Amino acid sequence: MGNYKSRPTQTCTDEWKKKVSESYVITIERLEDDLQIKEKELTELRNIFGSDEAFSKVNLNYRTENGLSLLHLCCICGGKKSHIRTLMLKGLRPSRLTRNGFTALHLAVYKDNAELITSLLHSGADIQQVGYGGLTALHIATIAGHLEAADVLLQHGANVNIQDAVFFTPLHIAAYYGHEQVTRLLLKFGADVNVSGEVGDRPLHLASAKGFLNIAKLLMEEGSKADVNAQDNEDHVPLHFCSRFGHHDIVKYLLQSDLEVQPHVVNIYGDTPLHLACYNGKFEVAKEIIQISGTESLTKENIFSETAFHSACTYGKSIDLVKFLLDQNVININHQGRDGHTGLHSACYHGHIRLVQFLLDNGADMNLVACDPSRSSGEKDEQTCLMWAYEKGHDAIVTLLKHYKRPQDELPCNEYSQPGGDGSYVSVPSPLGKIKSMTKEKADILLLRAGLPSHFHLQLSEIEFHEIIGSGSFGKVYKGRCRNKIVAIKRYRANTYCSKSDVDMFCREVSILCQLNHPCVIQFVGACLNDPSQFAIVTQYISGGSLFSLLHEQKRILDLQSKLIIAVDVAKGMEYLHNLTQPIIHRDLNSHNILLYEDGHAVVADFGESRFLQSLDEDNMTKQPGNLRWMAPEVFTQCTRYTIKADVFSYALCLWEILTGEIPFAHLKPAAAAADMAYHHIRPPIGYSIPKPISSLLIRGWNACPEGRPEFSEVVMKLEECLCNIELMSPASSNSSGSLSPSSSSDCLVNRGGPGRSHVAALRSRFELEYALNARSYAALSQSAGQYSSQGLSLEEMKRSLQYTPIDKYGYVSDPMSSMHFHSCRNSSSFEDSS
C-alpha cells in the first residue's frame, strides 16, 4: 500500500513522453536552423542554382557555418535534379551530415520536394540513413506531415517499421501528431499497429492520449486491428489515456461491446480508467464509463487507498462530479480507504474549500481518522481531516472545520470543542500557511506595483496627516492633504490574521479603485506601496460624512427630494460598477459606506470587501463579507456563490433606511437581523407614507430570489421618474420619520450643483418636522370630523388630540406598521402582518 500523501502527480510514462515530445521539438528546431541562411548568401546561392554558367564555376568544397555542402544547399535554395546528379557525379557524398545532424535527403524531405527526393534516391542516397535522434527520412516526413514525401520514400522501399532513438516507428509519430493521411499511407504499406515504443506504448495509446478519434479508428480497422487491451510498461491500456485526458468521443468508441475492451482494468498503481477520469475532473467521461460499463470501478481502491470518489475529491474542482458519484449509491460519503482516509481528508489535504463545505453539508464526518502507513505497526498516528489541512497550510479550511456547525448541533463548534479532539491544539496561521500567505502577499504587492499606473504611486512623505476621522479592523482613516488636495487616507496595519490578511485586502482594494472613474463613486488619488508598514490608500475627502452618521448620529431630517437625490446617486454608482467590462460586486453596501457632499449628493465608498465578479469563484467565500445587517440572504446562508444581485438587496435596505430615517431592524443585533431576513423572510415594514412607486421597488429589491431583483439601470430610471414628478406626490408620501414635503422647485436634480445644493444645509429639526406634519394632519381631521374649531390649536392641544407615533429609546420614530413577512419569490409582492 502506498502513502497517499506521497502520491506522484506524474507517472514514469508521463516523464518519458515529456522527454520524447521535447526531443521532437528540438529536432524541428535543428532542421529550421539548417534552413536559416544569411540573406546575402541566399541571394548568391539562388543565382548559382538559377544559372548553368554560374553553377559550372562554383567551388565544390563550399561549406556554410552550419556545415552545409552544396548538396544540402541545393535542396534548400531551389536547386534542380540536374544539379543533384552533377554534384554527386563530382564526388559530393549524400551521406554527409550537417552540424545539426541531417543529410541532404533529410532536408529535401523536410522541404517536401518530391523531385529532389527522387533524384537523390536515384543517385544513390541511402534511404535508411539515420541522422540526429536516430531519425530516418521517413521519420522526418512523418513529423512534418508531408504526405507526398512519405509516399515517395515508401515507393522507393523505406522501412515502414524502422524505430528511432526512442523506439518510435513512423506510425507512432503519425499517431502522436495526428497526421491522419500519413497514418492511412503507412498502414497501406504494412505498418505494424502493435509495435511497442520505449515504454511499451503502441500507436493506439498515443492516439487515445492525444484525442485523435479518426486515427484510433484507422488503427482498429480489420486490416490493422490494434490490440485494444494492450498494456504499456505501467499497465495502462488505451482507455486509461483517453479517460485521463477527457477524450469523450474516443472513450465512447472504445467502450463499444464489439471491441471487447476491459473497462475495469487497473494499472500498476491500481487505477482504473474511472480513477484517472476522476483525478483529472473529466465529468462527462466518468458518466460515460459508469453508464456503459456499470459501477464495478467505483468499489476499487488503488494502492493509495483511493476509490474513484476519493479521486474526485483529490481533484476537488468539480462538485458536480462528486455529487454524481455519490448519487450512484455505491460508495458512502464517509467511505474510508485502507489507510482510513475519507474523501473529506483528500479535499482538505489539497485545499478545496468549496468541496469541503459541500461534503460537510452532506454528512461527511470530520471525526474519522486516517493512519500513516509509513509508520511501523506499533506506532499509531491517527489524524483527522483537520490535521491534514493544517499540515498543508490550508488555514481557511482549518478555520471552517473548527467552527463548522453540523445540522444536528445546537451550536457551532469552536476551537475548544472541535469534535475531532484536535481542534484545541491547532491554531492558525499554521507554519506552512503563514509561509504561503507571506509568499502570496509579496507576489501580490509586486504585481500591484508593476500594474498600477505611475501617477497613482505615492510616497508617504507626500502625505500630510491631520485628524482621525474613522477606524476599522484594517487600521485608521485620517483627514489630510496630498498634492494640494484635501484627502482621506486609509492607513493599513501590516499584520496577518489567519488566511485573510490586511495586505490581501489592501491589494484588492487598490486594484479595484484604480480602475474606477465615475462622479457617484469615490475618487482614487493613489496608494503607498513601498513597505507594508506604510501601506495607505488615498481618496478624495467627502466633507459631509457618512449617510449613517447623518441619519442616526446627528439625527438630521431630510425632505423627500434630498432623499431621492441620494438614492439616485447611489444607484448610479452601483450601476456603473455592475456594468464595467469587468463587473465589480461591492459586497458591503450600507449607510456607513455612502458618503455625502455638502450639496446633498452622494458617492459609493469603501471597496475593501469588493471583488471583480469573475474572481468570486477563486475566493474563499466561507467568510461572510460586509455588514450583516445589510446582507443579502443568499450571502448569509450559503456563503458561497452569489451574484451582483446581492448588492441590489443591500441597496433596497439602504433605500428604506434613507426614506424612513431608521436603521433596519434597529431592535436586533446584526446577526439576528440577517437571520430573520434569511430564514424567516422578514423585511422592514413599508409604511403608508412611502410613495407607491418606491414601495414596489423596495419589494422587488429585497426579493428572496436574486433573479427577481431589478438591475440598477431600472432602479435609476424609476427613481429619476419619482424625482422629476416629485410635486405630484401627495403630502402623505412623506415618510414615517416625518420628512417635510419638498420645495416648490420641480426641476430634476440629476447633475451635481443643481437646485438641491443647499438641501443638506437646510435640514429641519425633528421637533419642527413633527409639529408641521401633525399640524397638517390635524387640519385634515378637523375638516372631515368637525371636532375642532377653525381658529387653530396650540401645540400642547394638538399633542393631546393627535396620537403621536411613539419614539423609541434610540430617539427614532417607530413605524405604525409592524414588521412584515416577506414571502418567497413565487409570491414576491405579498405581505402579511407578523402578528
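Cβ from N, Cα, C; glycine included.
From a predicted model like this one, the values you see are computed outputs, not experimental measurements.
Among the ranges 21-51, 393-423, the one that Swiss-Prot lists as coiled coil is 21-51. With a cut-off of 8 Å between CB atoms and residues at least 6 apart in sequence, the same chain places Val477 near Ser471 (ATP binding site), listed in sequence order. Per DSSP, the repeat 'ANK 1' (66-96) is made up of 16 helix, 0 strand, 15 coil. Local packing around the Cβ, expressed as the count of other Cβ atoms within 10 angstroms, is greatest for Val477 among the binding-site residues Ile469, Val477. Under 8 Å from some Cβ of the repeat 'ANK 4' (166-195) lie the Cβ atoms of residues 20, 23-24, 133-134, 138-139, 141-143, 145-147, 150-151, 154, 160, 201-204, 206-207, 210, 212, 214-215, 218-219, 221, 223-227, 230, all in the same chain and six or more residues away from its ends. For the repeat 'ANK 5' (199-228), same-chain residues at least 6 beyond its ends with a Cβ under 8 Å from one of its own Cβ atoms are 12-13, 16-17, 169, 171-172, 174-176, 178, 180, 183-184, 187, 193, 234, 236-239, 241-242, 244-245, 247, 249-250, 253-254, 259-261. Residues 1-4, 7, 269-272, 274-281, 283, 286-287, 290, 295, 297-298, 341-344, 346-347, 349-352, 354-355, 358-359, 362-365, 368, 373 of the same chain lie 6+ residues outside the repeat 'ANK 8' (304-335) yet bring a C-beta within less than 8 angstroms of a C-beta in it.
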